[in-house]
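*Asks:* Would you mind keeping the following structure in view while I ask a few things?
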Amino acid sequence: MLIGKRLNDRYKLLKMIGGGGMANVYLAHDDILGRDVAVKILRLDYSNNEEFIKRFHREAQSVTTLSHPNIVNMYDVGEEDGIYYLVMEYVPGQTLKQYIIERGMLPIGEALDIMEQLTSAMAHAHHFEIVHRDIKPHNILIRADGVIKVTDFGIATATSATTITHTNSVLGSVHYLSPEQARGGIANKQSDIYSLGIVMFELLTGRQPFSGESAVAIALKHLQSEIPSPKRWNENIPQSVENIILKATAKDPFHRYQSANAMKRDIETALYPERINEQPFYIPEDMEATKAIPIIQQEQLFENVTDETIVLKGSKVDEQIRKEETDLSKKKKRSNKWLKILITTFLLLAIGITLALTVIPGFFIPKDVKVPDVAGMKYTTAVNTLVEKGFEVTEPNIVYTDDVETGDVIKTDPVAGRVVKENSKITIYQSGGKKKSKMIDFTGKDLESIRTELEEKYKQVTVYYIEDDRPKGAIVEQIPTSDQMVVEAEQELKIWVSKGPYQIRPGDFSRWTENSVTGYLNERKLTPDIKREYSDTVDKGLVISQSPKPGTPLKEGDKVTIIISEGPKPKVTKTVKVDNISIPYESSIIGEKKPQTIEIYKEDMQQKMDRPIETRTISESATISLEFVIQEDTKGRYKIVRDGVTIIDKEVPYPTQ
């Protein structure tokens, strides 16, 4: 259990605030500078893994090179008792991923502001030839004031180094992985730009562009499928903004932005009036052919190198000479063999007797040694001093006292100055500081009811508010915990207080598709309640309204009512017959009946007034009947024209009964 441990006698670990595959992150307090810091500790099961230790050190080297307001600062790096740790800036807030889950798709202005900060940070890293290789919302922190910080350079690498993944393994998170990384190839600055484009897509739509049943399925989509248009989920995205995403996520790195600064400049001007409706980004057809990028195998890097040792063969003459010399030497050695054995045996016996009588007893009789005075020393210094003198140091006895500083040595047993045998056991009495009492458990209590008591009892009380299922105002967690011994008057108390259950604030779903909104709600464990209504203004299948309204705080399991448009309401039509329409004949000369031309016009659901439905001639008055197909809330109409003069023009109302 690392909570409560001090690293380097300086960084006190307070609580775990995050974790990943290779390391855990703790909130800690820097006792020297009096500030909170984040301490990233390599998991103990990897502390003997050389590859993970190298990666851990690589993160420290990467970040210490950088100094940028949107990159987490690195303060210190160290190793203690097999614990490898990095000390970094503590950023209060949440990850960008948590922010997106809570808020959904972000307003365009806010999303562009975040992307400006992100591209600025990556441009700075790229300037120092550092490629992050794992850009994703999970590795980006956002403060309450909207400032973002890029973190987790654990798999970052210098572009001058070989960046080919060994044994075709893939580094990075599959939803944000560039095609070249998915192939197991080289990761470069354009790989980070691709990941930035995916993050921008998620900010503006509330979702990732690709999903699948497995990591392999998603990686294949990055390799083979074009990024879908973000307008499919957010029709308010201007063309200039969509173009940035499409260019950043081009399959071929050659077609992407060539630098993070170039992408940043496009983001800064994306909402200029002259750019809003610019032409869609596309890759010329002659450049769209798929090019297979081979994986660079490790053995290819060394194919011209050989480790064989070459032995040059001698001549047959030389071999014969060596053979004769060897035979002669063997004959001489046999003659002297027994004489040498006798002399050697005698000498060994003489030496053994001498050692047994003089030297060897000194090895087994311990020397007398005076116990040194280590009182007032730091514990580790005292241990080293005693070990150097040949003593064995046992576990320390902790003594609480106001007279000796915490951690310093009070005395030893045997006492200083006493003469004892070498290798004797020495017990150190170490100061535990002032008398301590067991920490009180405040969890579950209401903060306001005990705030005055806490402020009087402890040196300092720091309160953090978090979302929790426990009642608002209840203390959820505390540091120190109730199993620790503390000096109350000198103790700083940190408490975490519930501000109510975890809340989700859905965005505005207006004109979302039914599938998109149900997917969004299900992902956040909200219950969609779908209802349907006719609408003259919203296309069929799109969201008309929602309840509760956008931005309302909700908790998991809450119901959200969504009204989906059925399109315009169909209107009823009826057939109306008008009988006995009289067409009068009018002669200008008495007694003479000259034929007159009659044109009959009709307007209803099936006919317009732009041409006559019938033309006839009459020599006397006539009567006709007309049928009209009339829709609810509309009218029919007919017109009679005689010799070019309109003589009848009437409306036919929709029957109310």
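Note that Cβ sites are derived from N, Cα and C of the backbone, with glycine treated the same way.
Grabbed the feature section from Swiss-Prot, which reads as follows:
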DOMAIN    11-282  domain 'Protein kinase'
BINDING   ILE17, GLY18, GLY19, GLY20, GLY21, MET22, ALA23, ASN24, VAL25, LYS40  ATP binding site
SITE      LYS40  site 'Required for activity'
ACT_SITE  ASP134  active site, proton acceptor
MOD_RES   THR162  phosphothreonine
MOD_RES   THR163  phosphothreonine
MOD_RES   THR165  phosphothreonine
MOD_RES   THR167  phosphothreonine
MOD_RES   THR290  phosphothreonine
TRANSMEM  346-366  transmembrane segment
DOMAIN    365-432  domain 'PASTA 1'
DOMAIN    433-499  domain 'PASTA 2'
DOMAIN    500-566  domain 'PASTA 3'
*Asks:* Name, in the order they occur in the sequence, the residues of the same chain whose CB lies under 8 A from the CB of VAL25 (ATP binding site) and which sit 6 or more residues away.
*Replies:* MET16, ILE17, GLY18, GLY19, ALA38, VAL39, LYS40, ILE41
*Asks:* I'm trying to understand the geometry here, so how far is the Cα atom of the residue listed as 'active site, proton acceptor' from the Cα atom of ALA23 (ATP binding site), in Å to the nearest whole number?
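*Replies:* Each residue's Cα considered, the residue listed as 'active site, proton acceptor' and ALA23 (ATP binding site) end up 15 Å apart.
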*Asks:* Just to be sure I understand, if DSSP states are collapsed into helix, strand and coil, how many residues of the domain 'PASTA 1' (365-432) fall in each?
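*Replies:* The counts are 10 helix, 25 strand, 33 coil.
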*Asks:* Out of ILE17, ALA23, which of the binding-site residues is least crowded by other Cβ atoms within 10 Å?
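*Replies:* Each of the binding-site residues ILE17, ALA23 was scored; lowest Cβ tally within 10 Å is ILE17.
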*Asks:* Per DSSP, what is the residue count of the domain 'PASTA 2' (433-499) in each of helix, strand and coil?
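*Replies:* Grouping H, G, I as helix and E, B as strand yields 14 helix, 25 strand, 28 coil.
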*Asks:* Going by DSSP, how much of the domain 'PASTA 3' (500-566) is helix, how much is strand and how much is coil, in residues?
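*Replies:* For that range the per-state counts are 10 helix, 23 strand, 34 coil.
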